[in-house]
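I'd like to ask you about the structure that follows.
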Amino acid sequence: MKWSEISIHTTAEATEAVSSLLYELGANGVVIEDPEVLYREWDTPFGEIYQLSPDDFPAEGVFVKAYLPVDSSELLDVVEELKEQLAQLIEYGLDIGKASIAVNDVHEDEWAHAWKKYYKPVHVSDRMTIKPVWEEYVPKHPDEIIIEMDPGMAFGTGTHPTTILCLRALEKYMAKGDQVYDVGTGTAILSIAAIKLGAKDVLAMDLDEVAVRSAQANTELNGVHEHINVRQNNLLDGIEEQVEVVVANILAEVIVRFTDDVFRVLKPGGTFISSGIIAAREADVKAALVASGLEIVETIFIDDWVAIVAKKR
């Protein structure tokens, strides 16, 4: 069976937004080729990236490649719709770079397995490791938390700096027995980590149906589905019960729109962990958090990505 590969030359900042667009248009898989992962100096020995070749990456910017089971007649419509959606991202103030689009035909066996070479076990901290389901991994110690991911339908592998920042913040700030809201859950990796770190239960929410299905599959894969309620929902709309922790790894443009709702659903003393924030938007997010009554307690960085931890006093 032949598939169509759509490649978009974009920026690191727009990677997740562009990936989401491609899934909405019917992509069965996405590969992100970012040269930064070759040269990144991580702030700890963790988060290692393995077995990557410079020949697989662009000289500048990022390639986001999607694979769709469409023929040439349907592909024209998909590309036109993609152009319209990319234009909307620009209207939202997101820098999408060149946003050039290239199309190629590929055989199913070329994409179904080749992308897996990019995804190996990643040590997020001395307690937590993310591994793909097809990789063998021996825990380094009995208390190590292993999160298994199958990113076949997902919006990420869990190794993006923003995800790692959120995981480390959860490990530091979430207490055993806490209840958690995971807004824009994607693969549900943060929800899974929260349960394995001792959360009582998690409500994982995403507006995208594909993300909801992916999240449900990953919670079952990790044996935590009985403690995680995955729901299709727009941010915190309609959510009333207060919890100890809210986590959101989404775009800064989205975070600033619902900080009032975060304050509303947090218990006094509760924690909001937000990421998906490029450094240039740090001040905007902090201003929105403070305006909503939240107190900034920590800012964490990996390269140009930021996670902000705030509390409701």
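Cβ atoms here come from the backbone N, Cα and C positions, even for glycine.
According to Swiss-Prot, the protein has these features:
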BINDING   Thr163, Gly184, Asp206, Asn249  S-adenosyl-L-methionine binding site
Taking DSSP as the reference, which of helix, strand or coil describes Thr163 (S-adenosyl-L-methionine binding site)?
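In the DSSP reduction, Thr163 (S-adenosyl-L-methionine binding site) maps to helix.
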Is it possible to get the count of other C-beta atoms within 10 angstroms of the C-beta of Thr163 (S-adenosyl-L-methionine binding site)?
27
Which residues, sitting 6 or more apart from Gly184 (S-adenosyl-L-methionine binding site) on the same chain, put a CB under 8 Å from its CB?
Met205, Asp206, Leu207, Leu235, Ala248, Asn249, Ile250, Val254, Gly276
Tally every other Cβ atom lying within 10 Å of the Cβ atom of Asp206 (S-adenosyl-L-methionine binding site).
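The answer is 27 other Cβ atoms.
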Around the C-beta of Asn249 (S-adenosyl-L-methionine binding site), how many further C-beta atoms are within 10 angstroms, looking at every protein chain?
28
Could you measure the widest C-alpha to C-alpha distance across Thr163, Gly184, Asp206, Asn249, the residues recorded as binding S-adenosyl-L-methionine, and give it to a whole number of angstrom?
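The widest Cα-Cα gap among those binding residues is 16 Å.
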Quick check: in three-state DSSP terms, what is Asn249 (S-adenosyl-L-methionine binding site)?
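The three-state answer is strand.
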Give the helix, strand or coil assignment DSSP yields for Gly184 (S-adenosyl-L-methionine binding site).
coil
